[in-house]
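Trainee: So that we are looking at the same thing, I have put the structure below in structure tokens.
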Amino acid sequence: MINIAGVISIILFYVLILAVGIWAGRKKPAGNDSEEEVMLAGRSIGLFVGIFTMTATWVGGGYINGTAEAIYTSGLVWCQAPFGYALSLVFGGIFFANPMRKQGYVTMLDPLQDSFGSRMGGLLFLPALCGEVFWAAGILAALGATLAVIIDMDHRTSVIFSACVAVFYTLFGGLYSVAYTDVIQLFCIFLGLWMCIPFAWANPHVKPLGSMEVDWIGSIDSNYYWFYADYGLLLIFGGIPWQVYFQRVLSSKTAGRAQILSYVAAIGCIFMAIPPVLIGAIAKATAWNETNFHGDLTPDGELTSDQTSMILPLVLQHLTPDFVSFFGLGAVSAAVMSSADSSVLSASSMFARNVYKLIFRQNASEMEIIWVMRVSILVVGVLSTVMALTIPSIYGLWSMCSDLVYVILFPQLLMVVHFKHYCNTYGSLAAYIVALLVRLSGGEKLLGLPALIHYPGWDAENEVQLFPFRTMAMVMSLFTLAFISWLSVFLFNSGYLSPESDYFNCVVNIPEDIRRVDEPSEAGEQMSVLGGVPGRLYGAASTLVGPDERSGRINPALETDDDDLDDPNDGPTPLFGGSSAPPPVQPFGKQTAF
């Protein structure tokens with residue numbers, strides 16, 4: 001029988017979020033439907049809203065449910081996501097937020113297309129798109145399963161309803177709606193979960209967490225050290241090249257503020273993980289066979305593997321009073337909405353700008369791009385919903401895509417942001433292929449994909465690669481990108497290959513026609529798009545650009561950044577093929593495994 005109180009809770013929270021989303025969408029200046037206004041909220045996100053929306057980059061439905069599940073199944077030491085994603089925000093702030101925001105990019109793929117050409121950028125769009133779509137589908141599916149168990153609502157109804165609400169306000173207000181609803185959603189998550197913890201902890205069926213009978217800390221077997229490190233690095237560096245992160249970075253008012261928001265959000269990630277950690281520990285200390293839970297249990301009285309993904313809502317339902325679980329269920333639903341809306345907007349933004357505009361319709365008007373983006377929001381929303389309802393292994397698909405983001409996109413983004421004069425399209429394509437083949441060779445158990453290569457430490461019983469092959473694939477991709485780029489320049493410049501063989505027009509066979517950079521926007525940051533050229537120049541100067549600039553860009557400081565963390569005496573970085581001396585090499589640091 002449907003839990004009427006639970007249904008009312010979900011509806012009230014959804015109405016609140018929908019109302020805030022529509023109100024936030026009205027903050028967009030009337031008649032201003034530019035790319036930056038819709039995709040990046042006019043780069044006007046303030047400090048308060050910025051902190052919340054940056055924290056919501058990772059704190060969502062998958063984050064809180066996955067954290068509670070990891071504590072219950074494996075213990076605190078295996079709950080890597082909070083610390084991994086917090087460090088990814090720190091490293092993203094140190095090495096990527098400032099240069100990306102200073103250049104006035106609109107999406108994460110812009111620097112990749114700028115250096116490697118629009119078509120190679122379109123190829124790099126595929127893992128980014130799949131990651132966003134599968135992530136949205138995965139959390140919608142999790143929400144449907146949760147509500148089906150907790151309030152006995154048909155999972156198809158809950159998935160479709162949730163997706164419709166998220167798509168509607170995202171369609172209406174773009175990033176304005178996403179950012180302001182993030183504030184409400186994080187408040188709902190924090191207050192809703194903290195309200196439930198005292199009641200769950202005080203439940204008579206819960207043993208003391210300090211009891212020797214309750215092991216919620218866990219341990220790491222010596223055979224799994226490299227496996228543990230591999231997933232840790234995957235979370236840290238694989239958590240950087242996501243459009244959901246960079247849409248927040250690029251929407252900040254200044255580059256310095258983008259860095260500050262990243263650092264504060266890292267603290268927020270740890271802080272927001274405390275409630276689900278405690279809920280997972282409480283679930284571990286619960287004698288479930290003594291509660292009113294009627295599902296299947298193991299001989300030891302613990303939940304089965306099919307139910308552990310719903311640890312958090314099960315605690316809310318069976319260990320807290322009805323009026324408390326009322327708020328907790330709303331918090332869980334709000335968390336899912338927080339994740340779904342930003343992923344839909346991210347995928348749509350990248351498609352409208354980096355595929356439709358930069359590949360097929362270079363001369364498209366702003367209004368045309370906005371309409372393409374709106375249609376894309378609908379398509380991505382429908383696609384995620386259909387996948388959530390029809391694909392049983394949706395989490396496996398997302399897990400594979402998050403691996404591909406790590407092994408393919410991270411090394412390429414690192415190179416184009418910091419070492420762009422050492423890489424070109426030949427290296428990019430070779431690195432893409434190497435990373436893809438090495439990752440696929442390791443197999444994926446969740447998808448039934450067999451391991452083609454059994455790396456050292458192969459666990460045949462559990463079909464798990466204990467060797468850090470994901471990180472190996474990323475390092476090989478990075479090396480391949482740099483080496484093949486150098487080799488191509490050497491072969492062409494030494495005469496071993498004729499200029500006509502420069503198929504990608506990025507080494508010696510540079511088009512000789514003069515290209516004019518569009519006038520910058522009033523804010524000095526609107527990126528100009530040049531039709532039919534391998535590279536893109538971003539509107540900071542209205543100059544004539546000849547072949548010497550090759551596929552790079554000339555972009556002096558776009559704005560005075562009062563809180564910029566960089567040295568104000570630093571000049572613009574010359575690009576691959578430019579006449580200035582190379583800049584000093586910047587250091588760089590060392591999804592999901594809940």
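Quick reminder: no glycine exception, Cβ is built from N, Cα and C everywhere.
The transmembrane segment annotation in TrEMBL covers 45-64, 70-97, 123-151, 157-176, 183-204, 224-246, 258-283, 323-348, 369-391, 397-417, 429-453, 473-492 (among others). Residues annotated as region 'Disordered' in TrEMBL: 544-594. Taken from TrEMBL, the feature compositional bias 'Acidic residues' applies to 559-569.
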Trainee: Are there residues at least six beyond either end of the transmembrane segment (70-97) with Cβ under 8 Å to its Cβ atoms? List them, or say none.
Mentor: 54, 57-58, 63, 215-220, 228, 231-232, 234-240, 245-246, 249, 252, 255, 258-263, 265-267, 269-270, 273, 276-277, 279-281, 283-284, 303, 305, 308, 311, 413-414, 417-418, 586, 588-589, 591-594
Trainee: Which sequence positions outside the transmembrane segment (397-417), separated from its termini by at least 6 residues, show Cβ-Cβ distances below 8 Å to it?
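Mentor: Hits for the transmembrane segment (397-417): 95-96, 99-100, 108, 111-112, 114-116, 124, 127-128, 130-131, 134-135, 137-138, 234, 237-238, 240-242, 387, 391, 423, 428, 431-432, 435-436, 438-439, 444, 446-447, 449, 470, 473-475, 477-478, 481-482, 588, 591-592.
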Trainee: Answer with yes or no whether the transmembrane segment (45-64) touches the transmembrane segment (258-283) by the criterion of at least three Cβ pairs under 8 A, sequence separation 6 or more.
Mentor: yes
Trainee: Count, for each of 123-151, 369-391, 473-492, the Cβ pairs lying under 8 Å from the transmembrane segment (429-453), and report the range with the highest count.
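Mentor: Maximum Cβ contact count belongs to 473-492.
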Trainee: Report, as numbers and ranges, which residues of the same chain sit near the transmembrane segment (369-391): CB under 8 Å and 6 or more residues beyond its ends.
Mentor: 33-35, 38-39, 132-134, 136-138, 140-141, 144, 155-156, 159-160, 163-164, 166-167, 170-171, 340, 343-345, 347-349, 351-353, 356-357, 397
